[in-house]
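K.L.:
Pasting in a structure now, in structure tokens, and then I'll have a few things to ask.
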Amino acid sequence: MLNQQQTYKLLERFLHYTTYDTQSKSGAKISPSSAGQLKLAKHLQQELFALGLQDIDISKHSVVTAFLPSNVNPHSPTIGFIAHLDTATQCSGKNVQAEVIENYRGGDIALGVGEEFISPAHYQFLHQLIGKTLVVADGNTLLGADNKAGIAEIMTALAVLKEENLPHCNIRVAFTPDEEIGLGMQFFPVEKFPCDWAYTIDGGEVGELEYENFNAATAIVTIEGVNMHTGSAKDKMINALTLACEFQQGFPAEETPEQTEGKQGFYHLSHFTGHVEKVELQYLIRDFDRDGFEQRKIFIQQLVDRFNQQKRLKKPITLEIKDSYKNMNEVVKTVPQSVELADSAMRECGIEPIHKAIRGGTDGAWLAEQGLACPNVFTGGYNFHSKHELITLEGMQSAVNVITTIVRLATS
């Protein structure tokens, strides 16, 4: 358990990290996509030096890696802990003004001096947070708990291990850029992160342990038409916009993000751009089951084939499908101790594990493709990617306790 000074330092770290504008930029081709991520990476490098870690490195893409050898047994497992530097693209991360609310008494939470507020009427989980210390933003930005809380929790765990000389296995840490736009792991130096397994500290409520995620792909459908003066268009114009609308109607209406939950997969029309002469449709394909995932890709191909056979077209509709990431569970289940140890650590800390499937992806999914099992552990935060984002100090304390317990249990 953290003492008062360690808890204060945990909060101080987190609040300081939120002052860095690390919002990633959609459409970026290089990483890091924002200068603030490199600034935060350099700050973390200095903290790691002060904590006495070894092999500290910042890559040219702002990936920070470091190593803490075991103080018990050099042959103990090597466990990695990962968090990402960037914040989400959907909401500004500039000039974050965090506010600490001690002993939350329930009811609405006003954010700054504007009209934004967080209400238990919309967020039922607030009823469970009465009496806790909350951290929120001022209603103009997100808070950045996703994932600066994870960074603060990892750094604080390292500090506690050093201060108290607690027994621990070999530890590697990594802080990565551009997780929110899917670029960070493209430049991850796997050779500098040799682990038996790892954890991303990027989950939500206390107790969350996630080791399943969607299989994911992106499909791009291109439809070309023929423009013509509308007064003489009969039997000549081919309106790509009209064809695109009809194409979209070929998908099952009940298999969209807004109609699905749990382990149900979906098709998501994420972009619709163009004009009469040319339209591009971009779809996200998601499914937990590998066979179901492949069937979804076949479905889109069959829909394209049917249109090409039945419709009057300028040229055949084209389809490009690119896999994004796979369900990490295929790898995690080959390293069952990665889940078992986290479960045991949580229970020792008085937390009942909540096994959830991620309706999305994590850096751990990419690492799983490289053969490294990497479940996702809670941070204690809520409402990520939103002006209503918040986190509890108690939840952050719990995450630190779980990390230090995992590395202690691994020594035995």
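Heads up, the Cβ atoms here are built off N, Cα and C, so glycines get one too.
According to Swiss-Prot, the feature Zn(2+) 1 binding site maps to His84, Asp146, Asp202, an assignment based on sequence analysis. As annotated by Swiss-Prot, active site applies to Asp86. Residues or ranges marked as Zn(2+) 2 binding site by Swiss-Prot: Asp146, Glu180, His385. Marked as active site, proton acceptor by Swiss-Prot on the basis of sequence analysis: Glu179.
Give me the structural setting of these features: burial, nearby parts and distances.
P.N.:
Asp146 (Zn(2+) 1 binding site) has a Cβ environment of 27 other Cβ atoms inside 10 Å.
Taking all protein chains in view, 30 other C-beta atoms sit within 10 angstroms of the C-beta of Asp86 (active site).
All chains included, 24 other C-beta atoms sit within 10 angstroms of the C-beta of Glu180 (Zn(2+) 2 binding site). For the recorded site, Glu180 (Zn(2+) 2 binding site), the DSSP three-state label reads helix.
Long-range Cβ contacts of Glu179 (active site, proton acceptor) within its own chain (separation 6+, distance under 8 Å): Ser24, His84, Leu85, Asp86, Asn147, Met185, Asp202, Thr362, Asp363.
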K.L.:
How big is the gap, in Å, between the Cα of Glu180 (Zn(2+) 2 binding site) and that of Asp146 (Zn(2+) 1 binding site), rounded to a whole number?
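P.N.:
For Glu180 (Zn(2+) 2 binding site) versus Asp146 (Zn(2+) 1 binding site), the Cα atoms are 10 Å apart.
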K.L.:
Measuring Cα to Cα, how many angstrom lie between Asp146 (Zn(2+) 1 binding site) and His385 (Zn(2+) 2 binding site)?
P.N.:
8
K.L.:
Once near-sequence residues are set aside, which residues in the chain of His385 (Zn(2+) 2 binding site), 6 or more away, have Cβ atoms under 8 Å from its Cβ?
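P.N.:
Expected: Ala88, Gln90, Cys91, Leu142, Asp146.
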